[in-house]
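According to TrEMBL, the protein has these features:
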| type | residues | note |
| --- | --- | --- |
| ACT_SITE | E1085 | active site, proton acceptor |
| BINDING | V90, V91, V92, G93, N94, T95, E96, V97, F170, D193, L237, K255 | FAD binding site |
| BINDING | Q593, F624, R738, A905 | Mo-molybdopterin binding site |
| BINDING | E628, R706, F740, T836 | substrate binding site |
| COMPBIAS | 892-909 | compositional bias 'Low complexity' |
| DOMAIN | 62-247 | domain 'FAD-binding PCMH-type' |
| REGION | 890-910 | region 'Disordered' |
Amino acid sequence: MSMYSLLRNNASPNMADLEDAFQATSLFNAEDFAPFDPTQEVIFPPELMTLSRGQRSPSLCFRGSRSAWFQPGSLQELLSLKWDHPEARVVVGNTEVGIEVKFKNMVYPVILAPAFLPEMSRATHTEHGIEFGAACTLSHMGAVLRAALETLPPHQTEVFLAVLEQLRWFAGLQIRNVAAVGGNIMTASPISDLNPVFMAAGCKLTLVDKDGSREVQMDDGFFTGYRKTILRPQEILLSILIPYSKENQFVSAFKQSPRREDDISVVTAAMSVVFSSGTDIVEELRLSYGGMAATTKLAMKTANRLLGRPWREELLQEACSSLAEEMTLDPSAPGGMVTYRRTLTLSLFYKFYLTVLQKLRGQGVKGEELQSEYLSASEIFHPETPAAVPEGRSQEDVLGRPMMHLSALQQATGEALYCDDVPLYENELFLALITSTKAHANIISIDASAAEEMPGVVCCVFASDIPGSNATGPIHYDETVLADQQVTCVGHIIGAVVAETQLEAQRAAKAVKVQYEELKAVITIQEAIAKQSFYQPIRTIQNGDLEAGFKQADHILEGEMHIGGQEHFYLETNVTLAVPREDGEMELFVSTQAPTKTQSLVAKALGVSANRVVVRVKRMGGGFGGKESRTTLLSTVVAVAANKLRRPVRCMLDRDEDMLISGGRHPFYGKYKVGFLNSGKVVALDVSYYSNVGNSMDLSLSVMERALFHMENSYSLTNIRGRGFLCKTNLPSNTAFRGFGGPQGMMVTENWITDVAQSLGKPSDEVRRLNLYMEGQSTPYNQILGQFTLDRCWDECMFRSEYQQRRAAIELYNGQNRWTKRGLAIVPTKFGISFTALFLNQAGALVHIYTDGSVLLTHGGTEMGQGLHTKMVQVASRVLGVPPSKIHVSETSTNTVPNTSPTAASSSSDLNGAAVQNACQILSERLEPYKSPEGSWEDWVRAAYFNRVNLSANGFYKTPDLGYDFETNSGRAFNYFTYGVACSEVEIDCLTGAHKNLSTTIVMDVGHSLNPAIDIGQVEGAFMQGVGLFTLEELHYSPQGVLLTRGPGSYKIPGFGDIPTKLTVSLLRDAPNDKAIFASKAVGEPPLFLAASVFYAIKEAVSAARVESELRGAFRLDSPASAERIRNACSDRFTRLCPPAEPGSFTPWSVQV
């Protein structure tokens, strides 16, 4: 959509246009796209085109059941409507009201839409500045301001430049194209990006009603309270005048957010200073901040104190002390991050101070000397053009060739069908969930009477409607399909409403009243430890003599680390369509990684045998483990409703619902004690892992087992003990996520090895290399490492990344820059491939050859964008000796291949590939007598058919020689290991905590790749998902267990700008793997942990900043390394002015779960 929009407006875009369209950096080169060809234009309704040809829009009115929408044809009509309906909302882009209606259940009876009124949508140049109508879009305002920069003298454009700087990071291009400047002002958000600039610049607003107009200045009195302004109910904002700046005036704007692109601000600021002519004496000063109060706030006291003062060090010290006093926040303030936000007010002023010093010097004004190492603190961020993705290897065979994903074109054009795209059935109904608002409570009563009387409602469904068993769960039946008597987390499903439309069902679900008797809840890992709230068993892996190891050590170091959870954020949320058939049959279309588990749990809930339930999966819009077990939460409820009504029922969760109920990656807390020699060689490790499991076991024991299997990552440790504790809490049950506990286990490992290096004052790469495994060594669980390639990956990564040269360049850079620092880290990974549950290491396939020579392939794996079907077609193509164009995969279903394992554990290509190979070999052998040299494939197939040869075959595979016993610490846990190494370089802003990912070099051993293009894509995708996990994505829970981050507005996954400017992925050559299909290796999960190289590069950069404050040695930095954590760790004179409140003296907005 972004590319289509860009090409419609600009037939030959350059790289800057592409970057803007995709919000900052892009994955593409401009040369990759052909010029826009008008003859290939899609059909566009001519009637819509007339709207842009100067025709005055007529008055329009649309009335719905709950609101009326007016588009006035004139300003006078708008004012009359507003006079008659003072409570009406004025809407242009609907970017705020739309959110309030959908997610905050707001109802606005009257909406006024003035977007086409010329008085409100034009820009006018005046004597004092540029006046913008309140309905001007932000994109239009930006274009007008940029044009003004070309014609006006520089001293008049300071305010314009500040506005444009904020617009660079204001939402995305699509939002800026419709959002209006007036809406931004009147929304009165305390974290508005633009309002601080308007206040600092003293912009004038024209307000009108039916009786006349008045002009007001945006100052400290304009916002009267949270989301309130001085406008009277009948008034509207007509326009805003953005003034020209004066001689000797300097204006800067700042925005700090968790993610640079398209993110809500933590703190915004705009600052304007006017000096007496030819001097550095402050004549006027306005400091405006967002995010520091219920309204955008001017720091009046500080500004007044600094008037008449020279712009020098004494002024800076006075300003910082005064701001620390004036810009205070309650420790329980909404949004949290109180210490960080207070520090930012000082840090951003310091940036302004340095910027102004530079400009004064540029004008020849004598004043404070500016040290060169401080200059980088005032630089404005400009993204660099990224490097191109390296091409995949090319081989003669279709196997191992970079073949395009089979459904790539359909997905790019929107033609690929997903579960919710299945056409509506006759009599189909829609379902919405009723969920708990309490973390732990007894249900006193449920009153659904109001909901049942609402329009379109057919019925409500509760536990009493379940014909079979209400007990459910992927392994242990410790959950309920629908809560009965008690709820154990916020989001626990209590019931459902079924209605004629989705909207009617959702509205009715909100009308159901549940009365609770609240019980004591356990929310965090620390609370679970204090109350000994653990699931059993407590797993332990121990090897060697721990006591002797610690006695041998020259040093013993203890530490701890918390690793936050992660939301799966698949593009397609959970969805199920259940269609009842005859004789107790039920057909389900589900977005799931586990069709068989869905089949068995639905059958259990319905009280029928599994052969009556068919589950079909065409494809998923992403899974990442989140659809391995938790999809059954929804599927069972939808099936029960369909069974009750004997009508098809559909439910696709909204993003906020999905995030609330489905769980995510387990938060982990690790405590360790490590013994090591002066050389850096580690001789003893005692580590304990605590995971926040949630309100049911789900797959958490297996997740913890994998964490323990990876507790040494890639390092040889003779004496080691690892213990895993499963914390029972009242959060929605956490579940599988790409890496499945491995990343958490290895993250703690890399933390203590970094601590060892820092405590010894040695380079971390030397300590890592010293402890690295070698061929033939044994793991803590007694598995010998054969076909070991990690050392090759390490050496190649060191070479390709030019590690030593970059290390020297970074030391030079850090010595020359005080307020920006760079860091470099190289991190290995060793990831075990197999399901840790032995019975899951099996797969089946079914292959049909039709008489026209076409092949229909079915296997037990599901397609979620990872390219599994593409690889399976390649395998079948090689074994059968036919081109991939003759082979088709329709879907995955339980009535074609039964008893399938979930598509998970990175094993699907290995398992299903071997099963496909088996089936195709059977068919190839059957066809062997008919393969004449002069005949074609079709001839051979027809000859076999006429000779009554079976052209259908089942394939099966089970991984040999597997099975580990925790009691005896013996057996083979994994079939083999996938290895990789990554080297990353970052740059941090010590004043704000923001960071840039400069470069990453990855070397990955994937054996003989089945498809290098897909595998490189998997490496890149997993790495970026890891970047989100370790540096960006943060789930916030209230102390009462309520998830506060329930959508893209508050939860940020990586954007284009978070991709390293230079990202290089190399697949290790000449490394065949004899344990998997065609010498390949698994690739889905292993690369994710390599993003830890970015985290530890950040930690190295923070260490360099701490040295400036005389702080050396190991320090704690929890994951993710958010801007808040980075800034607070860079301890300096500004952070010392903003000490945190004493824990226990206040109730925090959010808690670390």
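The backbone N, Cα and C atoms fix where each Cβ goes, glycine too.
Across the structure, R738 (Mo-molybdopterin binding site) and E628 (substrate binding site) place their CA atoms 11 angstrom apart. Listed by sequence, the residues of this chain that lie at least six past the ends of the region 'Disordered' (890-910) yet keep a Cβ under 8 A from its Cβ atoms are 593-597, 599, 610, 613-618, 623, 625, 628-629, 736, 740, 831, 833-835, 840-846, 856, 858-864, 866, 868, 871-872, 959, 975, 978, 1010, 1076-1077, 1080, 1082-1086. Residue counts for the region 'Disordered' (890-910) under DSSP, split into helix (H, G, I), strand (E, B) and coil, are 3 helix, 2 strand, 16 coil. Shown are the recorded positions E96, E1085; of these, the residue with the fewest other Cβ atoms within 10 Å is E96. For the recorded positions V92, N94, F740, E1085, a Cα-Cα cutoff of 10 angstroms around A905 (Mo-molybdopterin binding site) retains F740, E1085. Put simply, F624 (Mo-molybdopterin binding site) is 41 Å from V90 (FAD binding site) when counted between their Cα atoms.
Rounded to the nearest whole angstrom, the C-alpha distance between Q593 (Mo-molybdopterin binding site) and E628 (substrate binding site) is 5.
Cβ neighbour count for V90 (FAD binding site): 22 (other Cβ atoms within 10 Å of its Cβ, all protein chains included).
Nearest neighbour of E628 (substrate binding site) by Cα distance, taken over the recorded positions N94, E96, L237, E1085: E1085. Listed in sequence order, G625, L699, S702, V703, R706, A904, A905, E1085 are the same-chain residues at least 6 apart in sequence whose CB falls under 8 Å from the CB of F740 (substrate binding site). In sequence order, L138, R176, D193, L194 constitute the residues six or more apart from F170 (FAD binding site) in its chain with CB-CB distances below 8 Å.
All protein chains included, F624 (Mo-molybdopterin binding site) registers 29 other Cβ atoms within 10 Å of its own Cβ.
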